[in-house]
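Notes follow the structure.
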Amino acid sequence: MKRNSLSSFSISLWLLFTAAMLQAVESAKGKYAHMLFNELFEDYSNALRPVEDTDKVLNVTLQITLSQIKDMDERNQILSTYLWIRQSWYDAYLKWDKDKYDGLDSIRIPSNLVWRPDIVLYNKADDDFSEPVNTNVVLRYDGKITWDAPAITKSSCVVDVSYFPFDSQQCNLTFGSWTYNGNQVDIINSLDSGDLSDFIEDVEWEIHGMPAVKNVITYGCCSEPYPDVTFTLILKRKSSFYIFNLLLPCILISFLAPLGFYLPADSGEKVSLGVTVLLALTVFQLMVAEIMPPSENIPLIGKYYIATMTMITASTALTIIIMNLHHCGSEAKPVPQWARVLILDYMSKIFFVYDVGENCTSPKREKEEEHKLEGEDGCQRRHKEARSHLSDRNDDSDLKEKLNGNLNKSYGVHGEKVREAVNCCSCYKILIKNIEYIANCVRDHKANRAKGIEWKKVAKVMDRFFMWIFFIMVFFMSLLVIGKAA
């Protein structure tokens, strides 16, 4: 027990001694840091480029770390990013011998105390022209200064929305000195690309790279070269949100347009369905127009909306024409012979269109065929009765001639009886004329009704024909749009 207590006591004494020594070292280093700072900045000026020879080029190493994509404004073509910008260079007037300062090899001081390169974002699209963030810089004994500063940048980006929402974008971030030319300050890439190790995943965009390229440009105003470093941010849009909220509803709505041809013409909803679908697509078109920039490049989804709206407009116009054919009555002309052969004989069989009121189920068809046979037997009976009436009419005419002859021969005694017989025959004649008139009216009515039924069948066949045509069009347009996503 005594040995354990002695060992623990010795360990605590050793810890206290170590802490005291470290505190003494820190206090010593703090004293040397103050001394170093006062000596370095006694005659230092941050207004001039820190080189001993004014003809010598000062090299600035630039490194960009992308932390987050804050926003991509396609309409205004502005990319907002959160960057960490690291710049490093050598200051010829900020060097010291670390052995004279107890091995102190680096200090951290405010960045506004030293000279800083005026490297800015050339394609900046922000209204705020404030100064860079005044963070500390790390100053080493050999004069190397490292300046890490965060920045929220808004840069202009040429957005190509031709394949929206399956598009890819390339946005440039160009950094360069604003006043110093290449003979005074040269920019060197620290890496061949931007650093993406600390990137926070974005919900809308995927990062496929950030290559860096150094450019040396001679502007028309000046003969000196001006170097810059351009970081190209390669973005790929995540299209799931737009597929489920813009594209898929449009595809489902567009499949309703061909079904308007399947509606019965007597329902009165054929035209209203087409107009409703057209208005729904117009709403989605306006939503896309609010997102996209007003450019000549129409996005892919916009082309799909326009094609679908054109198709629905054509289907509504064809529906109106077919309804006029359906409602052709007795005043219409008969169905032309070519339409009778092409539409009623061939197309009706191809599209399984039956007569108006006829169903495709076999029991009902058999009943209707029985009714049709019974109707044909009744027509035959009525035809025989009509023939008997006509024969009676001929007999009455013969009887009338005979009575007229007998009247001329025996005009005297039997005149009154003959007049009575003639009057009776004239009554039968009037009755027969009325019957013939009624029969002609019924015959004309049946002919007109058959004419209207033919026109209705023509309209029904055309409805089925255009329904399948528009179904095929919608299907292939949908495949074309979805195929762009692959």
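Any Cβ shown, glycine's included, is placed from N, Cα and C.
The feature compositional bias 'Basic and acidic residues' is assigned by TrEMBL to 364-380 (among others).
Positions annotated as compositional bias 'Basic and acidic residues' by TrEMBL: 387-401 (among others).
The domain 'Neurotransmitter-gated ion-channel ligand-binding' annotation in TrEMBL covers 35-238.
The annotation domain 'Neurotransmitter-gated ion-channel transmembrane' is assigned in TrEMBL to 246-480.
Positions annotated as region 'Disordered' by TrEMBL: 364-401.
Per TrEMBL, the feature signal peptide maps to 1-27.
Through the fold, the transmembrane segment (241-264) approaches residues 164-165, 204, 270, 273-274, 277, 280-281, 284, 287-288, 301, 304-305, 308, 311-312, 315-316, 318-319, 322, 463-464, 466-468, 470-471, 474, 477-478, 481, 485 of its own chain, all at least 6 residues removed from its boundaries and within a Cβ separation under 8 Å. The transmembrane segment feature in TrEMBL is assigned to 241-264 (among others).
The transmembrane segment annotation in TrEMBL covers 271-292 (among others).
What TrEMBL lists as transmembrane segment is 304-325 (among others). Taking Cβ pairs closer than 8 Å, the transmembrane segment (304-325) reaches residues 247, 250, 254, 257-258, 260-261, 265, 270-271, 274-275, 277-278, 281-282, 284-285, 288, 298, 455, 458-459, 462-463, 466, 470, 473-474, 477, 481 in its own chain, all 6 or more past its ends.
Beyond the transmembrane segment (465-483), the same-chain residues lying 6 or more positions past its ends with a Cβ under 8 Å from any Cβ of the stretch are 247, 251, 254-255, 257-259, 261-262, 300-301, 304, 307-308, 311, 315, 318, 322, 347, 351. Feature annotation from TrEMBL assigns transmembrane segment to 465-483 (among others).
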